[in-house]
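Colleague: One structure, as structure tokens, below. Some questions next.
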Amino acid sequence: LRLSLYFPISISLSLSLEAMASFIATTTPAMPAFASVLDPKIPTKPEPKTETPKPKDDLERFRTSEVVLERKAKGFWRRKWNPRDIQNAVTLLVLHALAAMAPFYFSWDAFWISFILLGFASGVLGITLCFHRCLTHGGFKLPKLVEYFFAYCGSLALQGDPMEWVSNHRYHHQFVDTERDVHSPTQGFWFCHIGWVLDKDLFVEKRGGRRNNVNDLKKQAFYRFLQKTYMYHQLALIALLYYVGGFPYIVWGMGFRLVFMFHSTFAINSVCHKWGGRPWNTGDLSTNNMFVALCAFGEGWHNNHHAFEQSARHGLEWWEIDVTWYVIRTLQAIGLATNVKLPTEAQKQKLKAKSA
């Protein structure tokens, strides 16, 4: 009895639904999708294409490489730390502790010799002038003895030997603001500021640990020597500072100096890819930040730098203070810096931002 009742009811119901669907499709243009659910055979008009909403954040808006942007998975602290990461973390903690002692061990000779003089030699002559604008980008040339002396000074900044530093920065420009960037902002502000220093496995993961973009430096015995003996020079400097001025020289020379230079350099990777102006259409996240420029000897004019990577001058306007450029200009005046590269007016007009 149940079966005899079921079949007539189901047949009549399906016929009723089919008739209803045909009626809706032919009489109500606004409801073809509903009709197609009732009867898939009924053709429906394709839905009009809607424009993809513009991304809200700069990370998507300034995609500059074929590499897909991906955010680093959480778990930075819970991951397995390799010995070098642990060593770097302990070193950073010790140096920050020394820097915090600086007010209690202040003396004018420690301030001027360990911080100002040694900071200028390692920070300006070493990192920004030699490592960055000369070795990485070839913005100018120096006599080999002068280049090697400045490179040695840069090694005392504890930011890596010349080959490691230059390799990281060349990769940064090659894969700027993508997951293959050594300190990509796609990984978050903390990571691109200092976290990348504590995650060496990431370099191995992304590039197999290869530094095949510094063959020009690998060919030179001096840079291979600095790479192999890098830590010995740091220990020698500590011994020299202690011999000359005791513990206050250690506090100001190995604590305050290095921490100040660390965060000045790291701010270029983090702050200057987040806050500031973009007068040039570089297609990336680089910005000009005056505060960072003052702390990092002119390196904070980072959008200028990404627009004209080989330019020896980063502060392109008269009011953009660029201490490193003033030193390069002085070296050029006395004949030590040659083949100094600057952007042409044609290059500037090509990259000038519309809003600038």
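Each residue's number is its place along the chain shown, starting with 1.
The backbone N, Cα and C atoms fix where each Cβ goes, and this holds for glycine too.
Since this is a predicted model, take the numbers as computed values, not measurements.
Pasting the feature list from Swiss-Prot:
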TRANSMEM  5-25  transmembrane segment
REGION    38-58  region 'Disordered'
COMPBIAS  42-58  compositional bias 'Basic and acidic residues'
TRANSMEM  88-108  transmembrane segment
TRANSMEM  111-131  transmembrane segment
MOTIF     132-137  motif 'Histidine box-1'
MOTIF     169-173  motif 'Histidine box-2'
TRANSMEM  236-256  transmembrane segment
MOTIF     302-306  motif 'Histidine box-3'
Colleague: Near the motif 'Histidine box-1' (132-137), which same-chain residues lie under 8 Å Cβ to Cβ, leaving out any that are not at least 6 residues past its ends?
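Modeller: Residues 147, 150-151, 162, 165-166, 169-170, 217, 299, 309-310, 312, 324, 328 contact the motif 'Histidine box-1' (132-137) from elsewhere in the chain.
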Colleague: Report, as numbers and ranges, which residues of the same chain sit near the transmembrane segment (236-256): CB under 8 Å and 6 or more residues beyond its ends.
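Modeller: 95-102, 105-107, 109-111, 113-115, 118, 156.
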Colleague: Looking only at the motif 'Histidine box-2' (169-173), what are its DSSP counts of helix, strand and coil residues?
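Modeller: The counts are 5 helix, 0 strand, 0 coil.
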Colleague: Can you give the mean pLDDT for the motif 'Histidine box-2' (169-173), rounded to a whole number?
Modeller: 92
